[in-house]
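Student: Pasting in a structure now, in structure tokens, and then I'll have a few things to ask.
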2 protein chains.
Amino acid sequence: MGRWEPNARGRLEEAALALFTERGFEQVTVAEIAGRAGLTERTFYRHFADKREVLFPDANPLVTGFDKALEEAPDTAEPMATVSVVLDAVAAFFEGRHDYSRRRHAVVAANAELRERESIKLSTLAESLAEGLRKRGVAEPAASLAAESGVAVFKVAHAQWLAESEPRDLGVLMREALAALRDVTGAG
Amino acid sequence: MGRWEPNARGRLEEAALALFTERGFEQVTVAEIAGRAGLTERTFYRHFADKREVLFPDANPLVTGFDKALEEAPDTAEPMATVSVVLDAVAAFFEGRHDYSRRRHAVVAANAELRERESIKLSTLAESLAEGLRKRGVAEPAASLAAESGVAVFKVAHAQWLAESEPRDLGVLMREALAALRDVTGAG
DNA sequence: GGCCTGATGTCAGTTCCTGACATGAACCTT
DNA sequence: AAGGTTCATGTCAGGAACTGACATCAGGCC
């Protein structure tokens, strides 16, 4: 057995989500989170750059799956086809996580600082997606527009999925949103 | 003459932009900004909710013009037509502000916290736009998708405009981006 | 003249976050 | 097995962001 309890990072994430759920983000101090995880405040900041980041881990299965799907997507001249493949991978990630996603979303939605962090994380994903498209030969501004559109589709479908108590398949919702986007932009 | 110098808020905004340009956002304290404006730190926080907000005033001509255009846009069944009208108003706002926009953009781009704030402000604009479309009878998810697409078009065109030393007309760039968006989504 | 208003100042305190240094079990080397 | 190294964690001190409570005082109002 190691000197320290294993998975300090995971314990901090769990402690944080539990405390934020109970009392809200602002009403919880970093020292409390660390204490609940059997650690000190200073150690918290060795694992996370700031208090909010504990809810948005850099290395998480969503981002990993996203990057992998983006890399492995077949080459095609149609940027939205690549976007669609990546969105499928994202949908797969959320499979079986509806309850957890809702609890987490409640915490984030209740706090402006956390909504801000979520917003920039989505922007970062859009930028990754645009970069991936450029590497596949898609020119600007098509690459950025396709990437931003993809994130918009995700946002809309994800919000719909979260709102449903008996959720339909996120992949289906995304494909519907993608079709709706085509209608909206194409008809204008 | 009043007891205090007029336009405390404006003086704080000017002092902040000047100092941030000289030394960067992180290297400037709120006390310094206030001092340069002939005020105290506490007064700064009476005008702005936090340090970043001094660069993103709530009541500014961009938001005002945006809201006005959204309200006055003619009714139409085509959401992207409404979006287009609003984008024209936004383009008009930036007329003659190329140099200022570039200086300001340099400050924001250099700092993660400021990029975060900018990101959430754009999300808020998208939400306003979606709400405006809903009020005009556009159903979900079309309203949200049209709004997010509009913001994506703005982002792309604005970035292009900022990058040009001899800037073309932002309205033209936006219309081109809108056409490119149609191509990208429609062809998929 | 006296009272009220409202922007500002003063002050104390909490929390976030960081740098510098200390600790000690696990591991490696010889 | 002795001794040195590694590295996650602890301890401590401090700066800066932000907030609540109360004081000040010019200008307007009765």
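Just so it is clear, glycine is given a Cβ too, placed from its N, Cα and C backbone atoms.
According to TrEMBL, the feature domain 'HTH tetR-type' maps to A:6-66. According to TrEMBL, the feature DNA-binding region maps to A:29-48.
For each listed feature, how buried is it and what is near it?
Tutor: Taking H, G and I as helix, E and B as strand and the rest as coil, DSSP gives the DNA-binding region (A:29-48) the counts 14 helix, 0 strand, 6 coil.
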Student: Who are the long-range neighbours of the DNA-binding region (A:29-48) in its own chain, taking Cβ under 8 Å and residues 6 or more past its ends?
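Tutor: Tertiary neighbours of the DNA-binding region (A:29-48) are 5, 8-9, 11-12, 14-16, 18-19, 54.
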Student: As a test of reading the model: what is the averaged pLDDT for the DNA-binding region (A:29-48)?
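Tutor: On average, pLDDT over the DNA-binding region (A:29-48) sits at 98.
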